[in-house]
């Protein structure tokens, strides 16, 4: 299918007497409204499944209130016309679609190591390989959950995912204490920023984003208002910032310069406690996956079907999107480059550039208003991160040790060549890292 020449059909809007209120008109009576706590867990699940959100999320909803629109796409269409709408649709489809691919990669890598720890199971068994696990989890979990037509139904699933994340956090903290002192530190471990630090901003942008499904969650609130949304976001941010900071700090303190894009790739396979953490982690990303599929399907529905999908097309579109994402994830096994490119090319404009640009064009507040000042700061920062982040991600890709045991998992003596610029030779005794450490 291809785009038609006429303006895209956007779901009908109503004139808003109160600019702080957005009450949506939905044509489907099956749409349930959820309480604020359910929406909270949907947001936290989306944030943690992908990271932390920031000021621009509230800015995005304010832009919707100012323009009288109820989706990210209709907001940009109202502000910048069809070219802006088309650009956003591409970005808003690609970000969650690539996120779905990354979640498949994580689930396959993580759960394969879990099943390898089952007594009597051959590690080379086809049925515990990452490809089979990705296919099985897709058919049994992610596809059925993604077939829901109402995002509110994922509230309980998101609650489970958030609870499992808490367990994982405890495991990472425990291993930072028990394992961290025995892992050699890279020479430049405590250098705060290097020339390629902008690549990290791209990865963090991938982690920070919740914008692509913010209107979906917002619409699930009873009598949604900007004030209520702001309270919800503040609660979500407090929870998510705490969890993400502790994760990042404990992970890096344990492995320093050896930290992989997927933190669980750093832990040894004979660590039973981490094996349980891997299981929880795999289930968490599987439960987060449907949130991203909802967004990809909504974009397709808005662009090609006028915002509404019949039951048949709902199923067909969902199956096609998930099938393509699954096939791509079977061909890619390195998570770092996926996170970097998705962060700089998709997440950065969705977070920094587009919400700021929309608000600056729509708002009639004075230039000295705090929201306008922040928008003027975020927009150029986003442009710089997007351009230079892409260049550095392509010219300086991350190393990927997918499927390999890290050197410190072997109890024998070894000689480690430091990977820093000085190439200092470092000899480390690791006989202490025997099986008893991981029981």
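For all residues, glycine too, the Cβ spot is worked out from N, Cα and C.
So that you can see what the record holds, here are the features copied from TrEMBL:
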| type | residues | note |
| --- | --- | --- |
| DOMAIN | 51-393 | domain 'Amino acid transporter transmembrane' |
| TRANSMEM | 82-106 | transmembrane segment |
| TRANSMEM | 126-145 | transmembrane segment |
| TRANSMEM | 157-177 | transmembrane segment |
| TRANSMEM | 197-221 | transmembrane segment |
| TRANSMEM | 233-255 | transmembrane segment |
| TRANSMEM | 275-295 | transmembrane segment |
| TRANSMEM | 307-332 | transmembrane segment |
| TRANSMEM | 338-360 | transmembrane segment |
| TRANSMEM | 372-394 | transmembrane segment |
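Remote same-chain partners of the transmembrane segment (275-295), defined as residues 6 or more beyond its termini with a Cβ less than 8 Å from a stretch Cβ, comprise 42, 45-46, 48-50, 92-93, 95-97, 99-100, 103-104, 106-107, 110-111, 113-114, 117, 137, 141-142, 145-146, 148, 151, 154, 157-158, 160-161, 164-165, 167-168, 171-172, 212-213, 216, 264, 267, 269, 318, 321-322.
With Cβ pairs under 8 Å as the measure, the transmembrane segment (307-332) is packed most heavily against 82-106, out of 82-106, 157-177, 233-255.
Only residues 6 or more beyond the boundaries of the transmembrane segment (126-145), in the same chain, are considered here, and those with a CB under 8 A from a CB of the stretch are 104-105, 107-109, 111-112, 115-116, 118, 154, 157, 282, 286-287, 289-290, 293, 318-319, 322, 326, 329-330, 333.
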